[in-house]
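What follows is a single structure, written as C-alpha cells, with notes after it.
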Amino acid sequence: MVGTGRASVGALLVALAVLAPAATAQTCGDELPLQLVGNYSGLACAPVWNNFVLRYAQGKDNVLRVVLSTMYSTGWVGMGFSKDGLMVGSSAMVGWMGKTGVAHIKQFSLQGKTPSQVVVDKGSLVSNDHDHTVLVQQAKIYLAFQLRFTAPLKRQNVLLAIGSAIPVNDRLSEHQDKTSIAFDFTTGSSSSASSFPEGLKRTHGALNLFAWGVLLPIGAIVARYCRRWDPLWFYLHTGIQFVGFILGLAGIVAGVSLYNKIQANVPAHRGLGIFVLVLGILQILAIFLRPNKDSKYRKFWNWYHHWVGRLALFFAAINIVIGIKVGGAGNSWKIGYGFNLAVLLITIIALEVLLWTRWRNNSGSTVAY
C-alpha cells in the first residue's frame, strides 16, 4: 500500500508538471482584464510567437487597436512596426512594470542596435498617449495601445521582443529574445519575415573575411617566405591572390546589394571598403605592367607592389573588425577572426625570424620577381 501510495503521488506530480504549462500558457480563449474591456472589446485574436498573443481591430478611421499579451515576471515587452522586417529604422511600442509598481508604455525609435540608439518618445507611429495602457495580471502583461495609419494595414512586418531587465530612465536593455514576423491584419495569419537581409549580411561578412582576412594574407606570406621554391611560389601566389580577389569582389557586391536593401548608416565601413577595393584593383592592374627581371624599373615596381599589397591587407583587417562591430555579428565572429589574426601574426613572426636568420647566414641576395 505504501509503494502504491508513493507511485500515485509520483504520478500526480508528473501530471501536474505536464499540465502546469498548459494552465498558464497564453491562448485566445483567455478573457481580457476588465480594465481593458471598454476600449478593447470585439478584437480579433491570433497567437503569434511563443506565448505572445495579439488581439487587434482596425476602424474605419484607420485606427488600429492592439492588445499584446504574454507571460511576464519582470523586464519589458515590445512590439515594433518595420518596413523591411529589420530592427534598425523601425518604431516600437514598449511596456513594462516599474520597480515601484508604476506601469509604463512608450514609443521608441530604433535607430540602431545599441541602447543609446533606441530613443524614447521618438518614432513614426502616430498615437494618442492617453489611449495606452499596461496591465500585469496573473503573471501576464497586457500592452494596449491605439495607432493611426494613413491606410488600413494589410501585410505588415512586425517585431516582437522581450527583455529581462526593467528599464532605468527609459533606457532599454538588450532583448532576451526577439523575432520578426509578417502579420496579415486582414486575415490574422502570420509567417516568419524574410531573412534575405540577414542572410545577405552573413554572406557579405563571410566572403570578405575569408578573402581579405584569410586567403589574401596567405598569398602574401607565400610571396615573401617561399621564394626559394621558384617558380612554384609565384604560381601559388598568383593563384591564391586571384581567387581571394574574386571572392572579395563577390563579398563587396553582396555588400552593395545589402546597402541598397537596408540603407545602413556605416560611412567608415563603406569608405574603407571602397579604399581597399581600389588598392586591390591597382594590384591586379600592376600585374600587367610588371617589368622584366633585368629592367631598371623592376625594383620600383617591387616596392610599389609590396607596399600597396601590405597597405590593402592592413586596412582590410581594420575594416573586417569594423564590419563585425557595426553588423552586430556576435562573439563567434569576434573569436573566430581574433583566432585567425593570432595564427597569421604568429606565423609571420616565426617565418620572418627564419628568413632573417637565413639571410644573415647567406649573402642576403634579393630575388626579383
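Every residue, even glycine, has its Cβ placed from backbone N, Cα and C.
Pulled from TrEMBL, these are the features on record:
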{"type": "SIGNAL", "residues": "1-25", "note": "signal peptide"}
{"type": "DOMAIN", "residues": "50-163", "note": "domain 'DOMON'"}
{"type": "DOMAIN", "residues": "166-360", "note": "domain 'Cytochrome b561'"}
{"type": "BINDING", "residues": "His204, His237, His269, His305", "note": "heme b binding site"}
{"type": "TRANSMEM", "residues": "209-226", "note": "transmembrane segment"}
{"type": "TRANSMEM", "residues": "233-259", "note": "transmembrane segment"}
{"type": "TRANSMEM", "residues": "271-290", "note": "transmembrane segment"}
{"type": "TRANSMEM", "residues": "311-329", "note": "transmembrane segment"}
{"type": "TRANSMEM", "residues": "335-356", "note": "transmembrane segment"}
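With His204, His237, His269, His305 listed as the residues that bind heme b, the site has a largest C-alpha separation of 28 Å.
Counting same-chain residues at least six beyond the ends of the transmembrane segment (233-259), those with a Cβ under 8 angstroms from any Cβ of the stretch are 197, 200-201, 203-208, 210-212, 214-216, 218-220, 222-223, 226-227, 270, 273, 277, 280, 283-284, 287, 369. In the shown protein chains, 18 other C-beta atoms lie within 10 A of the C-beta of His305 (heme b binding site).
In sequence order, Asn319, Ile322, Gly323, Val326 make up the list of same-chain residues 6 or more apart from His269 (heme b binding site) whose Cβ falls under 8 Å from its Cβ. As a summary of secondary structure, the domain 'DOMON' (50-163) carries 6 helix, 67 strand, 41 coil according to DSSP.
Fewest other C-beta atoms within 10 angstroms, among the binding-site residues His204, His237, are seen around His237.
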